[in-house]
Amino acid sequence: LHSAVTRIQVQRPGFNYTFAHICILNNDKTCIVDDIVHVLEELKAARSSNRTNFAITYPITHLKDGREVYNGHQLGGVTVHSKDRVKSAEAIQLTYYLQAINSLNDMVAEKWESIFCDTVELFQKSNRKVKMYPFTSSSLKEDFQKTSRVSERYLITSLILVVTLAILCCSMQDCVRSKPWLGLLGLLTVTLATLTAAGIINLTGGKYNSTFLGIPFVMLGHGLYGTFEMLSSWRKTREDQHVKERTAAVFADSMLSFSLTTAMYLVTFGIGASPFTNIEAARIFCCNSCIAIFFNYLYVLSFYGSSLVFTGYIENNYQHSIFCRKVPKPEVLQEKPAWYRFLLTAKFSEDTADSEETNTYESHLLVWFLKRYYCDWITNTYVKPFVVLFYLVYISFALMGYLQVSEGSDLSNIVATATRTIEYTTAQQKYFSNYSPVIGFYIYESIEYWNTSVQEDVLEYTKGFVRISWFESYLNYLRKLNISTGLPKKNFTDMLRNSFLKAPQFAHFSEDIIFSKKYNNEVDVVASRMFLVAKTMETKREELYDLLETLRKLSLTSKVKFIVFNPSFVYMDRYASSVGAPLQNSCISALFLLFFSAFLVADSLINVWLTLTVASVEFGVIGFMTLWKVELDCISVLCLIYGINYTIDNCAPLLSTFVLGKEFTRTKWVKNALEVHGVAILQSYLCYIVGLIPLAAVPSNLTRTLFRCLFLIALVTFFHCFAILPVILTFLPPSKKKRKEKKNPENREEIECVEMVDMDSTRVVDQITTV
């Protein structure tokens, strides 16, 4: 396999590049390859010469030239005899290092990596007894973007389901008052806003990434609720009013809360899109969401508002809500077939008694269900104890999960399943978890290496690690020569240059020490490096991260100035940023919004209840998310930030209606709040859940995390809106004292005078006064 890889050729005009042309070179101008290759070559030579005394030790072995090499991260699944001699190994890891010095070299290296994967897969077909898992520098990027491709048909299915349910939610048996087109146009408004944002991002040079899959669902939860709330407000208006008056009442009733929640989204995602966020994927996601929400607000005001006016005129003219055809009177319909009468069923105002005038929309299934059954049931005295008990169970399980929150830093969590990244990381964790990757320990100042106390400091800092270093070998070398470690400076440098580094077994350490000559020909060591390896447990890999972080913090406070590095630090830092930065931004935005809304809401108690509700929802989502095996990573944290907005979106109107209500009992205002806003919340929730369901089937870990987090946010918020809040508000503040009715300018009597005139003359026949 190694020979096949080194023979790979990348054809370019006039020249064929091989591994030897693009590899990283050693001091002797040969390609750097893993030490395990040299071990295998010596093993092969020993076998061909019938030598049986050649042994490999683990995790450090010795080569023929006397060098000590570390193979802990190159041999996996190792079984050893006594004295660490290797009996067998289940896995071998080979790493090939390529140069990246110019654009041509980058292009050749990228092509070489592609051919490398094809070569390994071809080699696998002819050697089926050995499993091979190739992985390159571009594999993670390709597998991350693969999520978008495998999600396409599932997203189309989701769109079809949401369109169907949105139309059904806005429909009713009355063909005049039914609004199926508004359900479709509401979804079209959200879609237009999302496409507008995507177009702007593309035109401004933004890069697409698979986290954008969450943006349609962010828009679905916010945008559809706003349109359904407007439709719900329309149902509360009087039918005898002009369309302009009804539209004005709708905007006055629903757009204030929609404007405030939109501002909340813009602030939250705006901070996420700012330079405070140092993760490009998260910043672009927040920027795209911000633009989409802003345009959604404009489109709701203009496009959807115009659509509402248009359907209002259709309703006032008694035209069919789908076909826009004039609906005939009941006496005409009696002569038509049954199917025709079914399609054109409508209630005319002259056929409606005065007492029934305000209930013309009650034939809508959800309105009827909430008003006639659910509101009375949830506020029933015998139901409340069970809801409270259920909430205690909810808190208990949420706490159990919250105490087990784990930090996700596994690369496989952000890529599609059945990919090279998944296969490679799975094999690596299975076979190569006993020892950490090699950690570089770099001392970048001139220190007194010859001083015994300095030597002890360096050994103390690296305690707990397997040291692969000139320093350790130098001390062992002195002990073998029975020389004290406390040498004078000149003797120390002379020994390093003339004795220690010239010995064959230590010659390779010459790259790890940088000498400098001073004006008086005195030689000094200005910098040095060593390599450290930590012993880890296969099931407790997080101990490694704690160890590395401790070492990095120690570098800031130690007497010896050093830095540590390992490629895994890149992912650890990325994880720390992906969790810490969004949480910090969400806290800033939450504090800003609480301060901002304190001047806008009519009662400060609304803020108190809203804060408690958001805290309860987020606590539950984090707990159940952990129990559902979702780790705290970039995707889940972005979902949690969205969860704050989603909760306020749904709960704020309910709480405002309840808190601001006067003169009736708490139970009465809870019922009223559910009747006024419950239909819009229920319609939005149903469409949202139906849209999420196909996401669960996408073969990707990223969409799995996205589905589980968003599903829990929607479910827990719905549970609070329709169970927890309606019950708790009936026996907790604010109180609703029934006041005596006082006559004041607000309680004026409305008097309507209608004159009945004889059509044949100008004589007034009668005058009816209605109070």
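The backbone N, Cα and C atoms fix where each Cβ goes, glycine too.
Heads up, TrEMBL stuff is auto-annotated, nobody curated it.
TrEMBL lists transmembrane segment for one of the ranges 608-628, 629-649, namely 608-628. For the transmembrane segment (608-628), same-chain residues at least 6 beyond its ends with a Cβ under 8 Å from one of its own Cβ atoms are 394-395, 397-402, 404-406, 594, 636, 640, 643-644, 647-648, 651-652, 655, 659, 708-709, 712-713, 716-717, 720, 724-725.
With respect to Cβ pairs under 8 Å, the transmembrane segment (382-403) is most closely packed against 710-732, considering the stretches 154-174, 676-698, 710-732. Beyond its flanks by at least six residues, the transmembrane segment (180-201) meets 162-163, 166-171, 208, 212, 215-216, 219-220, 223-224, 227-228, 231, 284, 287-289, 291-293, 295-296, 299-300, 303-304, 307-308, 311, 321-322, 687 of its own chain at Cβ-Cβ distances under 8 Å. If you average pLDDT over the domain 'SSD' (151-310) in this model, you get 88.
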